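Undergrad: Before anything else, here's the structure in question.
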Amino acid sequence: MESEQLFNRKGYYRNSYNSIASASSDEELLDGAGVVMDFHTSEDDNLLDGDATSPGSNYAMSNGGGVVSSTTHLLDFLEEPIPGVGTYDDFHTIDWVREKCKDRERHRKINAKKKESAWEFTKSLYDAWSGWLVVTLTGLASGALAGLIDIAADWLNDIKEGICLNAMWFNHEQCCWGSNETTFAERDKCPQWKSWAGLILGQEEGPGSYIMNYFMYIYWALSFAFLAVLLVKVFAPYACGSGIPEIKTILSGFIIRGYLGKWTLLIKTVTLVLAVASGLSLGKEGPLVHVACCCGNIFSYLFPKYSKNEAKKREVLSAASAAGVSVAFGAPIGGVLFSLEEVSYYFPLKTLWRSFFAALVAAFVLRSINPFGNSRLVLFYVEYHTPWYLFELIPFILLGVFGGLWGAFFIKANIAWCRRRKSTRFGKYPVLEVIFVAAITAVVAFPNPYTRQNTSELIKELFTDCGPLESSQLCQYRSQMNGSKAFVDAMPNKPAGPGVYAAMWQLCLALIFKIIMTIFTFGLKVPAGLFIPSMAIGAIAGRIVGIAVEQLAYYHHDWLVFREWCEVGTDCITPGLYAMVGAAACLGGVTRMTVSLVVIVFELTGGLEYIVPLMAAVMTSKWVGDAFGREGIYEAHIRLNGYPFLDAKEEFTHTTLARDVMRPQRSDPPLAVLTQDDLTVVELQGIISETSYNGFPVIVSKESQRLVGFALRRDITIAIENARRKQEGILLTSRVYFTQHAPTLPADSPRPLKLRSILDMSPFTVTDHTPMEIVVDVFRKLGLRQCLVTHNGNVLGIITKKNILAHLEELKEHTAPLASAWYYHKKRYPTSHGPDGKSRPRQHHVQLVPSFPGRQHSDDDEESEEEVMHLLDGRSFTL
């Protein structure tokens, strides 16, 4: 209650110093070493030390039986930096204020020393350039790994259908590049590429060949899915999922050891290829952000500036997330905006520059690798040369409505299924669940060519506009010259042929299949992104709407809406543009992204003139989705997993006070506090062992509850263990003091233990009448772990981030905001009437009682006046 309680995670024990000291390097990737913080002033010393001697005087103490006289400075062993103090346990939140103070102190020391020698000046240059070096390495690694994943995923995806006899490391397209026996209509068929039926049965056509290819497709899909989930389960459980919800939580200051470690990076890279190749309804774009953040976290340990400061490390992670989106969509600017809009919690201006540079480097490396062979960063890059017309805003907005409805439905359905998975036995068998979903996906997907192919290739086909070189079934229009089926020629508007109508039915079935399977796939224990499936659903819907509008304009070109723009023979409707707008709308409906999403799609097309349709569809999608709930899919999964994340987008509209949220309440046990000089080592260890709180307020004495500071549990444990190992004379009966000078002790007392160096002398405090709206705002903007609640300087309780999250969750269950604090005071002090029978006036909803000369004040009257004064002054708080 006094501080954020430990997460009850099996397998983690954080009360022992030995477990802290022996942590593996992988676990320490998110837990850098800290330095000692000492927020003391001479005024505090004079006020709080009581009868302590002056700084220059001596005091006597017993060191194991002998009397030793010394000065304060000689015995202040713990004033030196203690290894481990200032670091954080697993599943805990960092102190942003303390981390920023540490960085400023480090910067001041470097500036003070850089003029002493050439070596110190060189070290200062290295420190100044270390930020650019770490984002450069992160961009290089992210681009290289993205290229490797793209190449390997394409090859394994084609393995499900056949193999290249000349060079088995070639995928289907590469295998047929050098063949002279391909035709225009069947350009993907060549003698060098053999399907599994042709290789095993010796025949390419017929029912037997179809069944054999069907069987081999299912076999490879199940094999890839089983291998992926097995590697995740055995070697790196953190490698599953998208990773973006956890990265958002980590960037907000939460510690998850190993989530960005070496093993997670290795297993995520391998299993991402396998999961994509298995044909599951997932994408690799979201997990690429996780891969890039793993690279950024690992490289940050090469530079002390970032390895020893958790807040600075998160600046690198923000830049890494931008690099991840840059290589995922080939959109460097969109990646920077994604990091700013969607994942980052603290984003200063220099982080913006470094994020841009990291995205640039990553995109350059991926372009150099050229994994798709089209000199583009993504497979589905398209260019449109046809303008859009004003009447098309109506279908674009309708696509935005569809995207918002799909996003709201998907979030509710997926969260409901994930919650059921957590609460039932089905979630205890993740391997069987993945195999089951992969089997259903493969069995249903194979008969439909639009679900059988890779999702990125499907999006490319849907985005691509029909032209003379396109052999897709979507481009089989009838020629106006002789009525026969032909490919699109110079005349753009033609009646749809049988191939187009057949493709429409197949796309409708593919849309239903993708909607259902994506709900059950996102959340499996394999790497699974949501960008590509959402874009595929929107692209299918958009292409269907685009073809419908195109045919409507062809057969009814004399209608008023088409008459002005769609003249006979003019290029009027572009179905591929509708697919792109639909993809953006559906992705926006699921994630609730706006600016970054528009820029990402703009960079995919390279056309400025399509920004208005994209903006209209994305904003409509967000408005419609927000009507059913303001949470995106990532925020919903954060809340489902119980991560301590305060969303800055969420508004606090209730009027509760700090005393309504603080712990302890009346029914809770009393507040556990430490006195500044009355405890012994054994008593302090007893308090730590009997409670699970992360920190304790330090007060003057039991009689005076006046606040002195705040001490963290981890720092106390480490300091005691360090002193008992390195400092002689520290016994269980040694007095512990948090003041500047040791208290007066008997001559035969054991040596005291000074812990002032681990005490935060300036903890954030608010009064008990501070509105929770202000408290929540302070927690969000300053990244606090806890905040003490005081009344006239005396400690009443504590508010932690978990308390605020629980309070917000409780308020969400109410259909209307809670009544204001004035309401409860009006109930307690009902309206009274004067001698004339009229009710007395109120000021700020508080009853004004005139004070008559002969009136006797009771204790209740004094309490009432005191509470009213607090309410009138409730907005003041101490920082």
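In case you wondered, yes, glycine gets a Cβ from its N, Cα and C as well.
Just so you know, TrEMBL annotations are computer predictions that nobody has curated.
These numbers come from a predicted model, not from an experiment.
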Undergrad: To which of the residue ranges 287-304, 611-628 does TrEMBL assign the term transmembrane segment?
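TA: Residues 287-304 are the ones TrEMBL records as transmembrane segment.
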Undergrad: Between 140-161, 536-557, I'd like to know which one TrEMBL lists as transmembrane segment.
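TA: TrEMBL lists transmembrane segment for residues 536-557.
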Undergrad: Out of 316-340, 341-365, let me know the one TrEMBL marks transmembrane segment.
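TA: The listed stretch tagged transmembrane segment in TrEMBL is 316-340.
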Undergrad: Pairs of Cβ atoms less than 8 Å apart decide it: which stretch in 287-304, 316-340, 389-411, 503-524 has the most with the transmembrane segment (577-602)?
TA: 389-411
Undergrad: As a test: from 287-304, 316-340, 431-450, 503-524, 536-557, pick the stretch that has the greatest number of Cβ pairs under 8 Å with the transmembrane segment (389-411).
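TA: Maximum Cβ contact count belongs to 536-557.
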Undergrad: Okay, the transmembrane segment (431-450) and the transmembrane segment (217-239): do they have at least three CB pairs under 8 Å, pairs separated by 6 or more?
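TA: Taking Cβ pairs at least 6 residues apart, the transmembrane segment (431-450) and the transmembrane segment (217-239) are in contact, with 3 or more under 8 Å.
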Undergrad: With Cβ distances under 8 Å as the criterion, find the stretch in 259-280, 287-304, 431-450, 503-524 that has the most pairs with the transmembrane segment (316-340).
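TA: The listed stretch sharing the most Cβ pairs with the transmembrane segment (316-340) is 287-304.
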Undergrad: Please identify the stretch among 259-280, 287-304, 503-524, 536-557 with the greatest number of Cβ pairs below 8 Å relative to the transmembrane segment (431-450).
TA: 503-524
Undergrad: So which residues does the transmembrane segment (287-304) touch in its own chain, when a touch means Cβ under 8 Å and the partner is 6 or more beyond its ends?
TA: 29-30, 32, 130, 133-135, 137-138, 141-142, 145-146, 149, 241-244, 246-247, 250, 260-262, 264-265, 268-269, 272, 313, 316-317, 319-321, 323-325, 327-328, 343, 358, 362, 527-529
Undergrad: Per DSSP, what is the residue tally for the domain 'CBS' (662-728) in helix, strand and coil?
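TA: Helix (H, G, I), strand (E, B), coil: 24 helix, 17 strand, 26 coil.
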Undergrad: DSSP on the domain 'CBS' (759-818): how many residues come out helix, how many strand, how many coil?
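TA: In the domain 'CBS' (759-818), the DSSP-based counts are 23 helix, 18 strand, 19 coil.
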Undergrad: Please compute the mean pLDDT of the model over the domain 'CBS' (662-728).
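TA: Residues in the domain 'CBS' (662-728) carry a mean pLDDT of 89 in this prediction.
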